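Only one structure is covered here, and it is reproduced in the block below.
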There are 2 protein chains.
Amino acid sequence: MTSRNVSCFPEARKVAIFGGTHGNEMSGVMLVNMWKKNGAEIQRNGMVTKPFITNPRAVEKCTRYIDTDLNRAFTPENLSGPWDEGLPYEVQRAKEINQMFGPKGSPDAYDVIFDLHNTTSNMGSTLILESSTDHFNLQMVHYIKKSIAPASCAVLLNEHPHLKYSTSRSVAKHPIGLEVGPQPQGVLRSNIFESMRDILKHALDFIELFNTGVEFPPCAVDVFKVIERVDYPRDANGNITAMVHPHLQDCDWEPLNPGDPMFQTFDGRAVPYQGSSPVYPTFINEAAYYEKQQAFVITRREMLAATAIRKSI
Amino acid sequence: MTSRNVSCFPEARKVAIFGGTHGNEMSGVMLVNMWKKNGAEIQRNGMVTKPFITNPRAVEKCTRYIDTDLNRAFTPENLSGPWDEGLPYEVQRAKEINQMFGPKGSPDAYDVIFDLHNTTSNMGSTLILESSTDHFNLQMVHYIKKSIAPASCAVLLNEHPHLKYSTSRSVAKHPIGLEVGPQPQGVLRSNIFESMRDILKHALDFIELFNTGVEFPPCAVDVFKVIERVDYPRDANGNITAMVHPHLQDCDWEPLNPGDPMFQTFDGRAVPYQGSSPVYPTFINEAAYYEKQQAFVITRREMLAATAIRKSI
Ligand SMILES: [Zn+2]
Ligand SMILES: [Zn+2]
């Protein structure tokens, strides 16, 4: 069978759905809280699907985080360092989550963690992968994209050596982020909520099918690969001196060509993109990224090949 | 001259522009900070126009407020009570602002205060009045509406005995709110920023014309009058059990008729509006109003008559 180049994975029996990794991203918070009360729609045969609020104190205050960004806190140093009551809340929380759903990198870790996020950017539904060689996840996103058509769903690949970060979901063997927007922080929009819910349904269906022994044939997945972070123009004091240009605002996933305007200064001057070839910006004007010195990220489009997969016997 | 029913007001020489009354409403914050550096575009003959950040600590943290909503803090009790270091930050701040720009209700108070706000609701540009009988302000909003056409600008009148609140701008003789959306909290959108800037320009032009002695003839102003606040459906614990219905979301200022869906429960049921006549909802799904138990406000449309005005001699 390996001659046909089929990747084999154990059944995925332990699945978690994280909401509230950022406490003001309401779709994930509300879905997870709903499923904690009644999980019928996320139950599948032979699987345990655990809905879980990762940052309850941030959810309570409807803020992104209390002390530090939880979705950057799952570093080896944080996870392996000694416990201390004086640690930032989210570092304590990362250690607890790692015990419950990991340990990260161990055989005991959860098979799949979906982490539900919202963005203020006009990204639509986006699945976020951390590896171009996790064929289980590639097959899953391929399945989801097919299942939700004619609705669409972009795939963002972030395995950039410097721009990749230590996510909550990275505790799992197969981490997958689901980012849906545009939705303001602290707001619940029914269209965004229902899109997220629908994608989760298909994702769980995929895992159930996989567990029953279905073999998924090789496929290709269209992804947007993170290449570079672009900051706002700033003055000597670090204050921004320009806004995302109206021609770029809300144009996530559309090509930005050399010479196209990126920013508009407060005195009305356009700042053009000066790269040498077209790129695909995304996370354009995300509220949470002003403090991270990021106006948007630049991606390039790539086709990734996924091998056939089935469960190991 | 009074036989022609002309209302006379003193020249408006002291004008302030407030930004950051809510620290995460970025258009006002950025405009005011820009004008503090270079105020050329807000200067007019014979007037002092002071750009001012009302809640600098909230701006610093990019949050709505620190201890309590500044835009509800200008109550007689707060303004007249004794100073105490233990008072909530915004109450201290209200007392300071009242000293600088008021005292509220006194002859020394600023003539006009514009208070710049953003909303996550799809309200477009909205001027907010606190009185139906302030003919100076009615003439100003009439002038602005004419000047920005074909762009449009709604006028919201909040003089409801229970729903009116004690705003920062209420310190002035002629308080006027400018609310522009949709813009997520913590985000600066160029279109919203420029709309706000343009309205301010025309507002200042109006005051300058008035001060030079121009008489403004009687006019009628189309306003939306606040009638009622509508909360989300909630369970016994106070948690919301429904979202704004997709047919209502983003439909600020459009008629809501008896039987039209208002909410969609998490299990997919529509909750209809049960009033007896059409109303005009606004502030639909504003992020900051979840904690205020408000999904939207209901308004009724009215024509207000403004008398002619000119400056007193
Ligand atoms: Zn997030
Ligand atoms: Zn506001």
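Backbone N, Cα and C atoms are what each Cβ position is placed from, and that goes for glycine too.
B:His117 is the residue from B:His117, B:His135 that TrEMBL records in the Zn(2+) site together with B:His22, B:Glu25. For B:Glu25 (Zn(2+) binding site), the same-chain residues lying six or more positions away in sequence with a CB closer than 8 A to its CB are B:Leu116, B:His117, B:Asn118, B:Gln183, B:Gln185. Ranking the binding-site residues B:Tyr165, B:Tyr289 by other CB atoms within 10 A of the CB puts B:Tyr165 at the bottom.
The CA atom of B:Asn71 (substrate binding site) is located 10 Å away from the CA atom of B:Arg64 (N-acetyl-L-aspartate binding site). For B:Arg169 (substrate binding site), applying a Cβ distance below 8 Å and a minimum sequence separation of six or more within one chain yields B:Phe18, B:Ile113, B:Phe114, B:Asp115, B:Pro175, B:Ile176, B:Gly177. Just so you know, of the binding-site residues B:Asn71, B:Ser166, B:Thr167, B:Ser168, the Cβ with the fewest other Cβ atoms around it within 10 Å is the one at B:Ser166. Neighbours of B:Arg64 (N-acetyl-L-aspartate binding site) among the binding-site residues B:His22, B:Arg72, B:Tyr165, B:Ser166, B:Thr167, B:Ser168, defined as a Cα within 10 Å of its Cα, are B:His22. For ligand 2, the nearby binding-site residues are B:His22; that is, of B:His22, B:Arg64, B:Arg169, these have a C-beta under 6 Å from one of its atoms.
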